[in-house]
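Asker: Just dropping this structure here.
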Amino acid sequence: MVESCFGSSGQPLAVPGRVLVGEGVLTKICRKKPKPRQFFLFNDILVYGNILINKKKYNKQHVIPLEEVKLESLQDEGQLRNGWLIRTASKSFAVYAATSTEKQEWMAHINKCIEDLLRKSGKKAVEVHAAVWVPDSEANVCMHCKKTQFTVLNRRHHCRNCGTVVCGPCSSKRFLLPNQSTKQLRVCLNCFDKLSRDKAQQNSTNINYLRNSLKDRSESSGDDDSDDDDNFVPSTTTPEQPKFY
C-alpha cells in the first residue's frame, strides 16, 4: 500500500521481516517554511514524503535507516509546540505533532524500534549527526559577518557543518564532510578554520603514532547528502491522528 502511494517516484519497501509500525502526518520544518509531511514508521526505517492526495498519493520519498537516528525533544516555543529533532549522520531536521500525546507516541515508538534494532544487530548508536539548518525566515542578515543583508541578489546559503544562514563570501570555502557526502560541501569560514585545524591536528597525531609504532617495531626486532518543494500542493483534507499498530 505504501509503495503504491509513492508510485514510480518511490523505491521498493517490501522486504522480509519489515513491519509497518505506524503512520501519520507531522509538520516538518523546511528551509523556507513549515510543511505537512506524511510519515510511515517501519521497524527498521522511517519513510516520509510530500502529500499530494491524502492516503492516496505522495512524492519526494525519503527513506531513513533507523539505526542512524537519534531523537531529541524540543521545548515548546510560541506556535511551535510538541516538536522534536530527528538527527542522522547525513541530515537532521525538526518535526512537530498536533498534540503532546501524539508527540509522546511517535517518540516512544521510534525509540523502541531503534532500541530493538541496535540490540539485534549488536551495533552502537551513531555519535556524529548532521546539523539542523536554521530556517531562512530566522535570518535577515548573514549570521557570520552580521553585515550582509539578504536580497534577491544576495542569496542565503547554509553551512553544511553548523547549519547557520550565511552569505556567499562567508561560505566561499568547501570541506569534505564524509558523513554527508563524498564531495566537498559548502561551509562557513568559522567552521572551515575549525575543521582545518582539527584535520591538521589529527594528521599530526597519526604521523606521531606511525613514527612511534615504527620505532617500537624496530627496537623490538633489532633491525597508515531539499526536500523543499516549491511546487508543493498541500492536501485539502484535515490530517487524521497517527495510527500505531
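The backbone N, Cα and C atoms fix where each Cβ goes, and this holds for glycine too.
Straight out of TrEMBL:
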- 20-117: domain 'PH' (DOMAIN)
- 128-197: domain 'FYVE zinc finger' (DOMAIN)
- 209-245: region 'Disordered' (REGION)
- 221-231: compositional bias 'Acidic residues' (COMPBIAS)
- 233-245: compositional bias 'Polar residues' (COMPBIAS)
Asker: Could you tell me how many residues in the domain 'FYVE zinc finger' (128-197) are helical, how many are strand and how many are coil under DSSP?
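Answerer: Going through the domain 'FYVE zinc finger' (128-197) residue by residue, I get 15 helix, 15 strand, 40 coil.
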Asker: Can you tell me how the residues of the domain 'PH' (20-117) break down into helix, strand and coil by DSSP?
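Answerer: Its residues divide into 21 helix, 53 strand, 24 coil.
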